[in-house]
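Here is what TrEMBL records for this protein:
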- 21-47: transmembrane segment (TRANSMEM)
- 39-290: domain 'G-protein coupled receptors family 1 profile' (DOMAIN)
- 53-71: transmembrane segment (TRANSMEM)
- 111-130: transmembrane segment (TRANSMEM)
- 142-161: transmembrane segment (TRANSMEM)
- 196-219: transmembrane segment (TRANSMEM)
- 239-259: transmembrane segment (TRANSMEM)
- 271-290: transmembrane segment (TRANSMEM)
Amino acid sequence: NSSQTRTLSFLLGGFPAWGTAQVWSALPLCSTYLLALLGNVTILSIIRAEQSLHAPMYLLLTMLAVADLGLSTSTFPTMLRMLWLKAGEIGFGTCLAQMFFIHTFTDIESAVILAMAFDSYVAICHPLRYSSILTNSGTTKICVAFVVRTALVQVPLPLLLTRLCFTRGSKLSHPYCLHPDIIKHAGSDTRINSTYGLFVLLSTLGLDLLFVLLCYLLILKTILNIATWREHLRALNTCISHICAILIFFIPMICLSMLHRFGKHVSPQAYAFTANLHFLAPPILNPIVYSVKTKPIRRRVLRIL
């Protein structure tokens with residue numbers, strides 16, 4: 001009888017200092033989840049109802065809202081179940097499924113942010129060719145390609161985890177399952193899993209971030225060649241909402257990746273805060289940012305209110 005086995009479940013963590021206040025802490029978390037659902041569903045409804053919004057930029061915004069809905073639905077329910085029902089255990093198969101969907105929707109959101117950066121680049125650097133470069137059918141094909149890319153690289157992750165053995169009573173660092181967190185508790189050789197996980201991270205999020213930065217370098221170069229400051233500000237104003245989405249998504253993600261790989265002595269509170277910020281902030285803030293900064297959507301929201 002070994003102390004290691006192909007465990008049937010994991011113990012969830014992530015709220016180390018909340019103690020008896022867990023039930024009351026679930027109330028603002030539940031409100032946050034409902035706000036994320038309301039915001040993204042509102043964006044989707046407005047874009048579907050307004051025929052004038054059936055354009056490439058708004059198709060990408062639709063894809064971003066779908067990714068945010070998937071990400072929030074993959075994370076919030078487990079957290080609420082843990083806080084309200086004090087159910088801190090999750091089955092191995094359920095954990096792998098949740099991990100797959102969390103990483104899948106994260107990669108899709110990253111890819112959509114890259115597509116939006118390309119949209120901004122074409123709109124500012126090649127405005128006369130915008131309608132010929134970015135069509136509705138072309139944008140749809142780009143979105144489908146991103147989904148296929150994400151599925152192809154993410155499917156092996158849970159399959160590789162099934163070959164590992166885990167210590168009994170393994171407690172995760174978060175109230176949901178993440179690949180770097182799971183392999184830390186494996187009792188067998190994880191070099192293949194770590195190498196492939198790093199490859200997935202670099203080939204999706206890392207590559208997307210690199211191309212986003214390249215797009216904005218080209219945008220900045222074009223803007224600096226414009227004659228007047230008023231035109232500088234007008235061009236930059238079209239990118240403000242997208243820049244906010246980039247910062248909201250990538251900064252916590254980079255911090256979380258660094259903590260998982262190099263922060264062996266970091267407190268559990270730091271893990272919990274960074275992970276929750278990464279997965280909970282974009283679904284809440286993206287609809288607010290785009291509702292405020294996108295005039296047709298803002299006008300329709302005010303009309304509804």
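A Cβ is built for glycine as well, from the same backbone N, Cα and C atoms used for every other residue.
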Distal contacts, the transmembrane segment (21-47) - CB-CB under 8 A, six or more residues away: 15, 53-54, 58, 61-62, 65-66, 68-69, 72, 76, 79-80, 82-84, 86, 280, 283-284, 286-288, 290-291, 297, 300-301, 304
Among 53-71, 111-130, 142-161, 196-219, 271-290, stretch most in contact with the transmembrane segment (239-259) (C-beta, under 8 angstroms): 271-290
Whether the transmembrane segment (271-290) meets the transmembrane segment (142-161): three or more C-beta pairs under 8 angstroms: no
Average model confidence [pLDDT] within the domain 'G-protein coupled receptors family 1 profile' (39-290): 86
